[in-house]
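Pulled from TrEMBL:
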REPEAT    77-111  repeat 'PPR'
REPEAT    179-213  repeat 'PPR'
REPEAT    281-315  repeat 'PPR'
REPEAT    383-417  repeat 'PPR'
REPEAT    485-519  repeat 'PPR'
Amino acid sequence: MRKDHLLYPTSQSIIGLLKACIKQKNLKAGVAIHAEVARLDFMVKDIFVGNTVLDMHVKCGSFAIAKQVFDELPSKNEVSWNVLLSGLVDHGLDDGALELYQQMHLQSISPNVITFLCSLKACGRLGSACEGLELHSEVERRGFLERHVSVGSALVDMYAKCGWLKKAEEVFSILSTKNIVSWTSLIAGYVEHGCGDEALMCFEQMESEGILPDAVTYVWALKGCSSICAKNKCVELHSEIERRGLSKGNAHLNCVLIDVYISCSLITNAEEALAVLPARNVASWNAVISGYTENGFFEKVLECLDQMRLEGVSPDAVTYLCCLKACGQLENLNKAEAIHAEIDRIGLLEKDLIVASTLVDMYAKIGLLSKAQEVFDRLPDRDIVTWNTLILAYAEAGQGEDALVLFEQMQTEGLNADIASLISIMKACGNIGAMDVGQMLHGEVERKGLLEWEIVVGNALVDMYAKWGWLTSAQIVFDNLPQKDVISWNSLLAGYSHLGETESVSGVFEKMYQENIRPDAVTFLIVLNSCSRTCLWKSSQTYFTSMSRDHGIVPAYEHYSCLVDLLGRAGQLEIIFRTLEKMPMSPDISLWHSVLDACMKSGNLKLGMQAFQHALSTNKYDTAAFILMSHISLEM
């Protein structure tokens with residue numbers, strides 16, 4: 001009996017074995033069973049066996065064979081279609097999933113709840129709102145919206161992910177039952193598309209209607225707090241989470257909480273939240289370190305690295321990436337070299353190109369391009385990102401010739417330039433006046449049609465021509481850009497300013513205003529420099545005042561420095577001192593040198609003495625201040 005049973009398996013026993021393979025993700029055993037099933041013709045005899053074979057290949061990630069099995073099934077029911085459809089979606093193959101749905105539709109296969117849930121999920125992830133709209137019509141035509149809460153929630157989620165928030169709200173409002181999934185989908189949609197206030201209002205409305213948030217809802221509410229820096233609400237949500245015990249054992253929620261505190265500059269709260277974690281693993285440390293990195297707390301990044309090591313937690317690639325960025329920003333060579341040595345020791349440099357590129361970038365930021373080149377030369381494999389990192393480093397360091405040599409080497413090795421490569425090389429060409437190469441790149445950009453789609457490429461071209469002083473060419477490229485942002489305008493302004501064409505600068509600035517382009521801090525620095533070149537001190541004051549009054553831009557140190565330099569050359573010493581009194585940051589020694597120089601040229605001993613005292617309070621041993629003051633005294 002036992003022998004017969006082994007020789008002639010039943011459909012039930014085969015399905016059981018295949019399900020065991022699925023559970024254990026044992027593709028090898030599943031393939032062996034599949035071969036036996038095919039030999040005994042079970043695929044032809046029993047659709048349930050065929051569907052389970054298909055399911056096994058899908059869930060084990062063997063999609064090429066799964067598609068072959070699907071195509072060879074003598075008969076297919078809705079289960080067959082949905083098994084393949086759900087597998088494609090589960091593995092992120094959303095384009096394939098939507099193609100399969102279209103085939104179902106063409107072959108008049110009736111969709112069920114699973115069909116719609118999977119297809120809507122694929123549309124949301126792809127941002128395919130138009131296909132989603134068609135699915136919505138089909139859902140309503142078949143009455144699924146009224147009968148199935150899950151489909152309604154999936155529709156809200158799809159529209160929210162696509163950024164069609166009004167449509168998401170519309171569907172949400174007509175749902176007969178609004179559950180935690182539909183509320184969370186809408187809140188997440190608001191957060192993902194920059195509507196933090198609406199997200200928190202929606203969260204509060206949900207609570208007022210008696211729906212209890214779950215951990216996922218709190219994650220999105222916290223992210224909403226982060227997007228609008230709602231510090232008090234963040235603390236309030238944390239209290240709720242603790243009161244309900246949701247943070248226990250939920251690493252993701254804890255990491256988000258810490259990250260949000262850091263983004264809101266609530267550093268003490270973040271550190272307290274980290275301190276109470278029962279088990280601080282590399283993921284929780286990375287959440288803190290990433291948050292500090294993204295928000296510019298670079299000293300804290302390196303402190304965390306030391307602390308996690310003391311606790312016996314080994315850094316991973318994410319940790320090293322953040323720490324390398326921190327070293328670059330802080331120009332901390334000692335720490336940088338120690339981390340580099342550690343990365344070398346564990347072999348991460350050869351295994352992870354992102355870490356390698358970041359290491360190259362870090363040395364470039366510290367100003368050690370020879371060290372960056374050394375790391376680059378040692379890499380066994382180099383992708384386009386690694387090449388671009390070093391090319392840009394040379395371009396930004398003013399070593400345009402080296403950038404061009406590296407660019408040619410990259411092309412010789414068979415790598416095609418991408419947008420980042422082109423932008424870096426155009427920057428280098430602009431800096432060193434490499435006109436032949438620059439014009440060749442312009443031709444390539446035109447041939448590829450990049451100006452139609454990539455505003456950054458157009459901006460780089462305008463900047464390149466402007467740096468050469470070819471303002472006619474810069475203006476032509478600018479005028480033909482299908483889209484213009486503030487960087488486009490700034491590039492053109494800088495070109496006119498560099499050539500001392502103050503009237504053109506004023507004209508371009510005025511046109512910016514007419515076209516509702518908001519100037520930024522860089523715009524005003526360019527305009528102030530333009531006024532400085534032609535000593536238009538009254539105009540410079542007007543622009544300086546307009547920055548904060550009309551545009552809400554707080555002047556930075558560079559703006560004050562430029563204005564003080566101009567006022568000094570114009571002999572407006574009283575205005576300089578009134579300006580410096582309003583300055584929110586302390587003037588450094590170089591600024592007082594400018595004031596002393598202006599006092600010397602104007603022969604103003606009284607104000608010169610004031611400037612001298614300020615200079616000494618900054619650095620009592622400053623030789624330049626004593627020399628300038630002695631010149632002022634001699635002039636008198």
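Note: Cβ is positioned from N, Cα and C throughout, glycine not excepted.
In TrEMBL, annotation is done automatically, which means it is predicted and not curated.
Across the repeat 'PPR' (383-417), DSSP assigns 26 helix, 0 strand, 9 coil.
Shown for the repeat 'PPR' (77-111): DSSP residue counts in helix, strand and coil, namely 26 helix, 0 strand, 9 coil. Secondary structure of the repeat 'PPR' (485-519) per DSSP, as helix, strand and coil residue counts: 26 helix, 0 strand, 9 coil.
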